[in-house]
Structure formats: structure tokens, C-alpha cells
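Encoded as C-alpha cells, the structure appears first; notes follow it.
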Amino acid sequence: MTKDIATPIRTKEILAKHGFTFKKSLGQNFLIDPNVLRNIVDVASLTPQSGAIEIGPGIGALTEQLARQAKRVVAFEIDQRLIPVLRETLAPYENVTVINEDVLKADVKQVIATTFEEGQDLMVVANLPYYVTTPILMKLLEAKLPVRGIVVMIQAEVADRIAAKPGTKEYGSLSIAAQYYATAELAVKVPKTVFVPQPNVDSAVLRLTIREKPPVTVADEEWLFAIVRASFANRRKTILNNLIHNLVGKERKDKAVQALAEAGIDPSRRGETLTIEEFANLSEQLQKR
């Protein structure tokens, strides 16, 4: 077996050989601890028949661990400068395909259809750049890809927010949006010291297991999420005040009061105390008016 890419010495050698410099604008932080990478792969529960989709492979540290476990790996890399590096570091692995494209602009569903077998066990596994964590995760979830789940290394604070429960200070619109599509579980906390360059914050590995169907049924998903966003626009305001100022307007205050009453929600409550079921009920009541 080839020597792991993710050691401080080998990472330094690869970067020096290719004259690579980190781009802050791309949020590039490379993992230099093989044990952490193996933990990520373990959380994904891949089998020799699984397929893996990676985002932001960097120099291939996580990619090689995935390639050793999965039948096939597809990795999206936005940075053209890393393509020749990956061609070299991943040369021993014939089951890896690297696509030089921004995953936010890519047709991931089409890539899956042309790369993997129909019905194959698929997982998204990635060490995501902090600055695009939420857009990437929401794109993947909203696309309703044929994957079992998503395992990502992200900023610990964001992972806490995604996995948060009602009534906690971390709970917000991101928690509800993610948990509408998947169950969320914090798997491993990761210190900032295992990255180069070292970021300012710690990370966490988050496991999202895709739901067969959402926990609630609503006529209009966009309307549900609009209500959720409005309800958290000002965390110190009541649900009624947030709805009036951020969604329905003062002229429709009576309708908001009626909808809350019909949904059995005290108008003096704050958004952070509402469950997704209560938000779904509220969205249906507001839509009637």
C-alpha cells in the first residue's frame, strides 16, 4: 500500500514539488492526520460495492482513503491548479475520477447517473471549505440525490447548528432546512491542529442520513421555508412579530394571529421553540389565508 498522503511530511513534499500556494478565497485547509481521515470514512460506512462522491479533494488525502474502501469515487475540484497534483497523487487508484468543476454549478445528479450503477449504495463524503458549507449542503439536499447520506467535515459551530434540537440556542432555520431532508448526527469533533494551514476554529464530522420522506407533509416547501426564515430573522422577537415584520406585513396581522391560533401556537413564543411539525402546521394555516 502506498504511503498516506495525509502526513505532515508527505503533504509538505507534494506542495513543494508542485509549487502550490493556498488560496484563501477557496478556503483551502488540508488535513494532515490519516487517523482523522479514516474516522471520516468509517462514519460513512462504505462497503467494497459502494460509490463515493467527494467535494474539494485538495491533494487527494481523503480521496485515497475513499478509493481504498469504495468501488468507485468521483471528486469535484474547483481549483485547476490541483488537477495535475491529483493526477499524480491518485495515480495508483484506477477507481477515481476527478472533475474540474464547481460543484455548485455542476449537475451532480447527471454525473451520478453516468458514473455509478443504478441502485448502487452511494455516499457524499467531503471535507468542505467553511465559506461554502451551507450552499453546498443545501444544494445536495434539495437536489434529492439518490444517496444514502452525506458525511462532511465542517466548522464545528455550523455542525452544531445543523444537528440542533428545538429550544436550544443553536437551533435555527438551517437546523430545520437540513433536518427536513435528513437526520443529523455529530459524529466526531476534530481539532484545528490537524490542518494545514491551521484554521481559526475547530471542526466536526457531521453525518446526514437521507430520509425516505420528509417528517412533515406540506403543500408548498418554499412557503414552509419562507416562514421558517422569517421566524428566525430576529431571534429576540416573538413568532408573531417576526411574521408581521418579515413575511406578511402589518396589514395582515389579523391573519397571522388567526393562523397561529388555528395551529395551536402561542403568538408570544419565539421561533427557536417551534418544532418542524409546528412550522408545517403554521405554513398550512397561513396559506389558507
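In case you wondered, yes, glycine gets a Cβ from its N, Cα and C as well.
Per Swiss-Prot, the S-adenosyl-L-methionine site holds Asn29, Leu31, Gly56, Asp102, Asn127; the candidate it also names there, chosen from Glu13, Glu77, Glu142, is Glu77.
Long-range C-beta contacts of Asn127 (S-adenosyl-L-methionine binding site), restricted to its own chain and to partners at least six residues apart, with a cutoff below 8 Å, comprise Asn29, Leu31, Ile40, Gly56, Gly58, Leu62, Val152, Met153.
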